[in-house]
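Undergrad: Below you'll find the structure I mean.
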Amino acid sequence: MKDYQIEFIEFALEKQVLKFGEFTLKSGRTSPYFFNAGLFNTGRDLARLGRFYAAALEDAAIEYDVLFGPAYKGIPIATTTAVALADHYNKDVPYCFNRKEKKAHGEGGTLVGSELKGKIMLVDDVITAGTAIRESMEIIAENGADLSGVLIALDRQEKGKAELSAIQEVERDFNTKVISIVKLADLISYLESQGTMDQHLASVKAYRDQYGVA
């Protein structure tokens, strides 16, 4: 694990974005951990979050021209990632996001920010069912752009209804690469290294054994 990944896990724990316990997911599964990126909700939180997204993006070394943040959660993520890339990597990257409702007055349309053209890096918090990604793909295609990759905070590495995870399905269906700041495997490595969270480690491993992707 890279230093920024360890720091991100500790940041998520500190802000209670990452919690351990018993949580019922939309899928109906009972998960021993829960990740709620909406709790990164102050200016300082967002500034730090952007640095982690930017670090993961630099680490992945994927070519892209524009950051796209799907409404609504992707909007602040795209914004703070663009700021972090400028501040810490001297990269002035255009960013764009969509409105849920088309505007009839002013500049009109559903897109705000830069033009959506060239190679697009889509940024979001997590991929649960892949629905938001599929909606974003329609917007990207409508604008004649190409999806270069998808960047999220956490990859749960968890099967969907079939054997593949939602992320693996997105990679297959859109012939793209999904990168994440951390994966479930990183979280398990972190718990193992701490030695003080053995009860959480056991339940997370059991959950992975039952629902994890191969």
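Each residue, glycine too, has its Cβ placed from N, Cα and C.
Fair warning: this is a prediction, and the values are worked out from it, not measured in the lab.
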Undergrad: For the orotate site that Swiss-Prot assigns to PHE34, PHE35, ARG156, which of THR128, THR131, THR196 is also named?
TA: THR128
Undergrad: I want the residues beyond PHE34, PHE35, THR128, ARG156 whose C-beta is within 8 angstroms of the mean position of the orotate site's C-beta atoms, in chain order.
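TA: Result: LEU25, SER31, TYR33, VAL126, LEU154.
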Undergrad: Ten-angstrom check, please: count other Cβ atoms within 10 Å of the Cβ of PHE35 (orotate binding site), all chains counted.
TA: 18
Undergrad: Can you check which residue among the binding-site residues THR128, THR131 has the largest number of Cβ atoms within 10 Å of its own?
TA: THR128
Undergrad: How big is the Cα-to-Cα gap, in Å, between ARG156 (orotate binding site) and ASP125 (5-phospho-alpha-D-ribose 1-diphosphate binding site)?
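TA: Computed Cα spacing between ARG156 (orotate binding site) and ASP125 (5-phospho-alpha-D-ribose 1-diphosphate binding site) is 12 Å.
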